[in-house]
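A short worksheet on the structure shown next.
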Amino acid sequence: MPASVLVGTQWGDEGKGKVTDLISGDFDVVCRYAGGANAGHTVIANGHKLALHQVPSGVMYDGTYPVIGNGCIVDPEVLLGEIDMLEAQGISCDELRISGNAHIVMPYHKDLDGAHEKRLGKNLIGTTKRGVGPTYMDKMNRTGLRVQDMLDEKIFREKLEAALAYTNPILEKVYEMPTYTVNQVCETYLPYAERIRPYIVESSLFLNEQLEAGRSILFEGAQATMLDIDHGTYPFVTSSNCTAGGAVTGSGVGPTNIGRVLGIAKAYLTRVGSGPFPTELEGEIGDRLGEVGHEYGVTTGRKRRCGWYDSVVVNYAARVNGLTDLAITKLDVLGCLDEIKVCVAYECDGKTYRTVPEHQSVFYHAKPVYETLPGWGCDISGVRDFYRLPREAKDYIDFLEQLAGVRVSIITVGPDRDQTIDRYWK
Ligand code: GDP
Ligand code: IMO
Ligand code: MG
């Protein structure tokens, strides 16, 4: 099959950027299909360390087209800053293509994101404050502006005027914040439009033409299964369909083109922002994982909450994404522990759950049931062959594979592109 989807199986930051970069040399196109600048994907290769928010992680390869699909939202300021950063490092963005149907993050979306979080007080979601929720709200409300609206100043002004007629009263009356005028927004956004214009394409048409020409596409997921608006821990989620189904609606490529779905799972677990996290470790072990794994957000710099690997979550991700393959990342980090726990089920009110319970109160009160495995207690970052891993590390992978019901095709043992064990992907 010509298309594959790469998707986060947990609460984000699983190492999607690294694995996308690793495998995207084998694809002709790498397409982001959901989310916006809330994503922070790290790529370390060829002497470059990149933190990418908007541009697909396949940008490092000459001959691979990076595409921002219609399901994404585009923050012009972040996008153009990223293009400048890449070009300053000698990485060309000439082949970047952006869907005309992707929605634009406006300045008032960021204001509303911050103001809404403030209003929620201790119940806040802990968003990245990139304006994601309000931009998708406007999309669904049919009051949003799209990238294609930037092609024509007259249309842009008209649509902006209509959007402000709706948004200004919310800013003023609900949140007691300053409002915007059309001219004020145009002053910054029209110059952005000039720079973005050359990248705008009919991306569904482009992607399908590529498929017809026998070329292959990798869909790079952002965020993750448990942050999906439908399948995640609502309301502590992002505002898009980050699961594999989003690759279809977020790109305009039919599901019959997709063969493999690669789930990315960290060998332990992290989460940024609020919301339930049954296997969270609040003591010394959690701190150690955070230190050794450098668990600080790429987008916000926030300290990530750390916990044990939760096989109930990954098994659920296998179901809702239809995973064919799994990549286990950051296995090297667990070398700092003597023993390792894996959550194999939850208990709540005397009942045992082997899958993520649909009812949120059950999930909130779920107590993890653990199995304890011996650690390997050594540095494995130089290992490139599965059979050269310590026995305990191989057993750990075999156990995760069995619990997920999906083969572990890739294992990563360090942040660099080559710190990888490919078992069955290629
Ligand atoms: P993403 O959002 O899923 O792309 O993940 P992030 O880039 O936000 O976070 C993953 C972090 O782990 C980054 O700092 C990566 O450089 C790093 N990383 C990825 N794979 C490995 C690995 O196998 N071992 C270690 N130690 N770090 C890794
Ligand atoms: P990548 O692609 C981890 C989390 C935020 C917050 C919730 C909603 O790097 O894995 P939003 O700004 O989207 O409205 O925030 O989702 N979140 C992420 N957490 N990695 C991400 O992206 C995330 N994108 C959003 O912390 O809890
Ligand atoms: Mg990230």
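For all residues, glycine too, the Cβ spot is worked out from N, Cα and C.
Remember, TrEMBL labels are computer predictions, not curated facts.
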Per TrEMBL, member of T128, T135, T249 binding IMP alongside D13, E14, G15, K16, N38, A39, G40, H41, R142, Q223, T238, R302: T128
Cβ under 6 Å from ligand 2: qualifying binding-site residues of G12, G15, N38, G40, Q223, G301: G12, N38, G40, Q223
Close in space, distant in sequence - G40 (IMP binding site), Cβ under 8 Å, 6 or more apart: D13, A51, L52, H53, G297, V298, T299, T300
V413 (GTP binding site) and N38 (IMP binding site), Cα-Cα, nearest whole angstrom: 26
Neighbours of G12 (GTP binding site) among the binding-site residues T128, Q223, G301, R302, K303 (Cα to Cα, within 10 Å): Q223
